[in-house]
Amino acid sequence: MSKIESILFVCLGNICRSPLAEGIARDLAQKRGLELKIDSAGTSGWHIDEPPCANSIAIARKYGIDISSLRGRKVSVYSDDIFDWIVAMDKQNYHDLLKMGFDESKVKFIGDFGLEGQEIPDPYYYKNLEGFEKIFAMLKTAIAEMYKQLS
C-alpha cells in the first residue's frame, strides 16, 4: 500500500456523518502526530454552504471537537486527484461514488475498518443526541482502526 496522505469522508448531505468523521479524524490525527489532509463532502448538493446539523455539532463539542465552522459541499470527481482515500459512510454512498466515476482503488467503505461491515446510519432524522452518540462511537472506532492500518 502506498503512503496515504489525504482522506475525504463522504455521506449523503455532508451535514451529519461526514463532518463528524472529519472532526474526529482531525482530532485523532493530531493526537497521534499524523500529518494528513482531511476533508468531507456529500454525494448530493442539498446542503451546500450549510453548517453541520446542530446534533453533530453538539456531540462533537461534548468530546472537545469543534466542527461548527465546516460547511456542506458536494463531492467532485476532481477529488479523485486530490485524495488518496475517499471513505463512504454507507453502501449507497459507496456505490454512488463509483457511479460518479471515482477510482475504485481509492473508494473505501468505512464499515471495513473495525466495524465488521456495518454502515454508519444516517442520523439526520434523530430527535435526540442518543443516535448521534452511537454514530460518534462508531466513527471513532473506524477511524482509529483506519489509522492503525496506515502505520
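A Cβ is built for glycine as well, from the same backbone N, Cα and C atoms used for every other residue.
Look at TrEMBL and you will find Cys11 tagged as active site, nucleophile. When other Cβ atoms within 10 Å of the Cβ of Cys11 (active site, nucleophile) are tallied across all protein chains shown, the result is 28.
The annotation active site is assigned in TrEMBL to Arg17. According to its DSSP assignment, Arg17 (active site) is helical. Neighbour density for Arg17 (active site): within 10 A of its CB lie 34 other CB atoms from the protein chains shown.
Around the Cβ of Asp122 (active site, proton donor), the same chain contributes Cys11, Leu12, Cys16, Arg17, Met89, Asp90, each under 8 angstroms and 6 or more positions distant in sequence. TrEMBL lists Asp122 with the feature active site, proton donor.
For the domain 'Phosphotyrosine protein phosphatase I' (5-149), DSSP puts the residue distribution at 62 helix, 20 strand, 63 coil. For 5-149, the entry in TrEMBL reads domain 'Phosphotyrosine protein phosphatase I'.
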